[in-house]
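Feature annotations, reproduced from Swiss-Prot:
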- ASP12: active site, proton acceptor (ACT_SITE)
- HIS40: active site, proton donor (ACT_SITE)
- 11-17, 39-41, ARG299, 325-327, 403-405: GTP binding site (BINDING)
- ASP12, GLY39: Mg(2+) binding site (BINDING)
- ASP12, GLU13, GLY14, LYS15, ASN37, ALA38, GLY39, HIS40, THR124, ARG138, GLN218, THR233, ARG297: IMP binding site (BINDING)
- THR293, THR294, THR295, GLY296, ARG297, ALA298, ARG299: substrate binding site (BINDING)
Amino acid sequence: MADLIVGIQWGDEGKGKVVDALAGEYDYVVRYQGGHNAGHTIVVDSKKIALHLLPSGILYERCKNVIGNGVVINLEQLLNESKAFGNLQGRLFISDRAHIILPYHEILDIAKEKSRQSAAIGTTGKGIGPCYGDKVSRNGVRLMDLKNLDKLREKVDSIYQHIQYVQTLYNVELPSVQSVMEHIESIAPQILPFVTDTTQLLWAAQNRGEKILCEGAQGSMLDIDHGTYPFVTSSTTIASGACSGSGLAPRDIARVIGVAKAYCTRVGNGMFPTQEDGEIGERLRQAGGEFGTTTGRARRCGWFDAVAVRYACRLNGCESLSIMKLDVLDGFERVKVCVGYEYEGKQIDYIPTDYDNVKPIYREFVGWDKTCGVRTFNALPSQAQHYIKELEKIIGVKISMVSTSPERDDMIMLG
């Protein structure tokens with residue numbers, strides 16, 4: 001059976017730390033969607049380790065790590081990231097069905113974003129959307145294509161016949177087919193030894209009774225179907241994406257663990273009802289180090305949105321919830337939680353499709369002094385204990401972990 005870690009907000013929730021805390025119990029850790037727009041940061045002995053494509057299980061020698069078919073891969077990024085961990089042969093497996101982000105995807109991503117002007121999505125400009133677009137239009141390049149570079153050249157040449165209009169439409173210059181192929185040919189020999197049919201690999205692992213942990217990227221509120229559209233990512237970020245992005249069946253998923261911060265953040269544009277633009281937002285940003293792992297952009301910050309978290313937990317079928325960065329709220333006299341919205345003159349406790357026009361209804365809690373570094377629930381200040389217990393009641397999902405600092409060992413396990 002497989003367990004699943006999924007983000008419950010707009011990404012950057014701390015999924016990497018949760019995976020790191022649990023990965024030692026598993027034989028396989030699987031990334032199943034997204035690309036190098038994801039950024040999982042783990043702190044080991046005060047040293048930050050940032051992962052963009054590699055599964056977080058890479059930090060455990062016994063873990064085998066799988067990049068599934070639902071991931072879109074920048075080959076150069078993957079190669080550079082892998083080098084930092086030495087010889088990964090036998091520990092890293094990449095799906096031959098995963099799609100490749102090619103140089104022109106990044107150019108298209110940036111050009112399209114600029115053309116949107118005031119309606120810009122806030123994309124990372126990493127080529128993720130255009131790559132998924134080619135996948136859906138059945139015009140993409142997969143890892144399996146690296147095995148026959150002559151046929152791949154023909155495919156890239158054919159793709160270019162369909163995208164030449166882009167140069168005029170967006171006033172950009174695309175790299176030549178020759179330069180794209182040279183780029184691929186220089187990297188392919190170093191990537192191919194890791195490429196395999198990972199679906200068969202995972203099925204075989206299941207038959208042997210081995211334990212699998214699936215690791216989501218981004219967050220549920222960025223899901224292409226159920227997120228704050230159009231300000232979303234291009235993949236299925238909720239639990240169902242773990243099946244389509246890995247080859248596992250729905251019945252193979254034993255439990256889903258949601259991950260949320262004790263407050264909310266968002267990168268890029270789009271709806272964010274509890275955002276605080278002033279002193280509170282800046283205090284959360286600085287205390288939480290809220291700057292993107294991938295882009296370095298300052299994250300928008302605000303109070304915990306229990307309505308959004310409850311919605312996302314229901315979408316994912318969460319058995320439990322991990323609350324991260326509780327320590328960032330240390331020292332606040334009052335802590336707010338959004339428990340409902342004002343919408344069209346009424347009070348509601350759900351997320352409408354017209355999410356841009358809601359106003360948060362808050363419940364206030366008495367703040368606390370210090371939780372940083374605390375590792376047992378009873379050692380938390382009584383006000384912080386009350387906050388966690390009330391979140392559990394409001395959301396209706398058991399809270400099983402609470403993080404109290406960036407350090408990997410500062411985690412309260414509640415069973």
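Just so you know, glycine gets a Cβ as well, placed from its N, Cα and C.
Overlay of Swiss-Prot feature records on the structure.
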{"residue": "GLY11", "record": "GTP binding site", "contacts (Cβ under 8 Å, 6+ apart)": "ALA38, ALA217, GLN218, GLY219, LEU222, ARG266, VAL267"}
{"residue": "THR295", "record": "substrate binding site", "contacts (Cβ under 8 Å, 6+ apart)": "THR124, VAL267"}
{"residue": "GLY296", "record": "substrate binding site", "contacts (Cβ under 8 Å, 6+ apart)": "none"}
{"residue": "LEU326", "record": "GTP binding site", "contacts (Cβ under 8 Å, 6+ apart)": "ALA262, THR371, LEU380, ALA384, TYR387, ILE388, VAL402, SER403, THR404"}
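Neighbour counts of Cβ atoms within 10 Å were compared for the binding-site residues LYS17, ARG297, ARG299, and the top value is held by LYS17. Among the recorded positions listed (ASP12, GLY14, LYS17, ASN37), ASP12 has its Cα nearest to the Cα of ARG299 (substrate binding site). Here the C-alpha separation of GLY14 (GTP binding site) and ASN37 (IMP binding site) works out to 15 Å. Looking only at the recorded positions ASP12, LYS17, ALA298, the one with its C-alpha closest to ASN37 (IMP binding site) is ASP12.
Of the recorded residues, GLY39 (Mg(2+) binding site) and ASP12 (active site, proton acceptor) place their C-alpha atoms 7 Å from one another.
Take the binding-site residues GLY14, GLY39: by the count of other Cβ atoms within 10 Å of each Cβ, the lowest one is GLY39. On the backbone, the CA of ASP12 (active site, proton acceptor) and the CA of ARG297 (IMP binding site) stand 12 Å apart. DSSP assigns LYS17 (GTP binding site) to a helical segment in the three-state reduction.
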